[in-house]
Amino acid sequence: MLGVLLCWCLGASVLLYVLYSWLIPAAVQFNGSLALLWHDVIVERALDSLTRSTRPQRLLKAVKQHATRGDPQSVISAIDHFCRHREWAMNVGDEKGCILDSVVSELNPEKVLELGTYCGYSTVRIARLLPPGARLITLEFNPDYAVIARQVIAWAGIEDKVQLVEGASEDWIPRMKEHFGIETFDLVFLDHWKDHYLPDTKLMEGCGLLRKGTVLLADNVICPGVPDYLEYVRNSRSYKSCYFKSHLEYTRAEDGLEKSVFLG
């Protein structure tokens, strides 16, 4: 009887491992909503409970173990490897990250605003490409994420270009000119709460933070999606927009970036 029970437990354990490691991840690869539910809710909560740590903490540990201090590219590579082979995380990711890189390199901005820091992955991607003297202000609402992001930014050695600010975007955007001495931004990367994309864009317009030629680059416009934002920038005479088709980070589900040039 004991042998039967042990065999049953072993078989059940193997089945659960196969489901967790291969079958379910493979099944949700092409469906963005299911991928987010599986990776960003079910798996994250389970691992948080089992390890008594958070996903950002586990990501930071991987950076410190596998990335070279002071080497931004090695930090990016370490995070990408962690997210593809160990634990998914909602960074912009390697595929869309290349699109972000191309926009930053083409624009060569001196003043950049990032809305939504998370663990600092896109912050590092952007900052490593900025010219000398350039400035990147990144806003993060979640203080726990900000603690991790500061350490990732420091490990990458880009503190001289980055200023991380904790708080809500709607509170900080009106204070940008007075608090940071910023007149306008050359590039704004939107990757925070999706229902904030449109109101924050209108708030930046109203506060005079956008000049003719300012580029707004918005992530996750398909998955989870920002239909109200897309309708606005694609139909407004104040913007010229184009869509870069790609995939939700570290999956094969469709997602993309929307690049919108402010026309004044």
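Just so it is clear, glycine is given a Cβ too, placed from its N, Cα and C backbone atoms.
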Q: Kindly point out which candidate in E159, E166, E249 is recorded by Swiss-Prot as part of the substrate site with K194, N220.
A: E249
Q) For the S-adenosyl-L-methionine site that Swiss-Prot gives with S122, E140, D191, which of V92, V215, V221, V226 also belongs there? A) V92
Q: For K194 (substrate binding site), find which of the binding-site residues V92, E140, D219 come within 10 Å, Cα to Cα.
A: D219
Q | Those binding-site residues of V92, S122, E140 having Cα within 10 angstroms of D219 (Mg(2+) binding site) | A | V92
Q. Could you tell me the C-alpha distance between N220 (Mg(2+) binding site) and S122 (S-adenosyl-L-methionine binding site) in angstrom, no decimals?
A. 13
Q: In whole Å, note down how far the CA of N31 (N-linked glycosylation site) lies from the CA of V92 (S-adenosyl-L-methionine binding site).
A: 17
Q) In whole Å, how far is E249 (substrate binding site) from E140 (S-adenosyl-L-methionine binding site) when you measure between their Cα atoms? A) 20
(Q) Can you give me the residues near the recorded Mg(2+) site, meaning same chain, not D191, D219, N220 themselves, Cβ no more than 8 Å from the center of the site's Cβ atoms? (A) V92, K96, G116, L190, H192, K194, A218, V221, L257
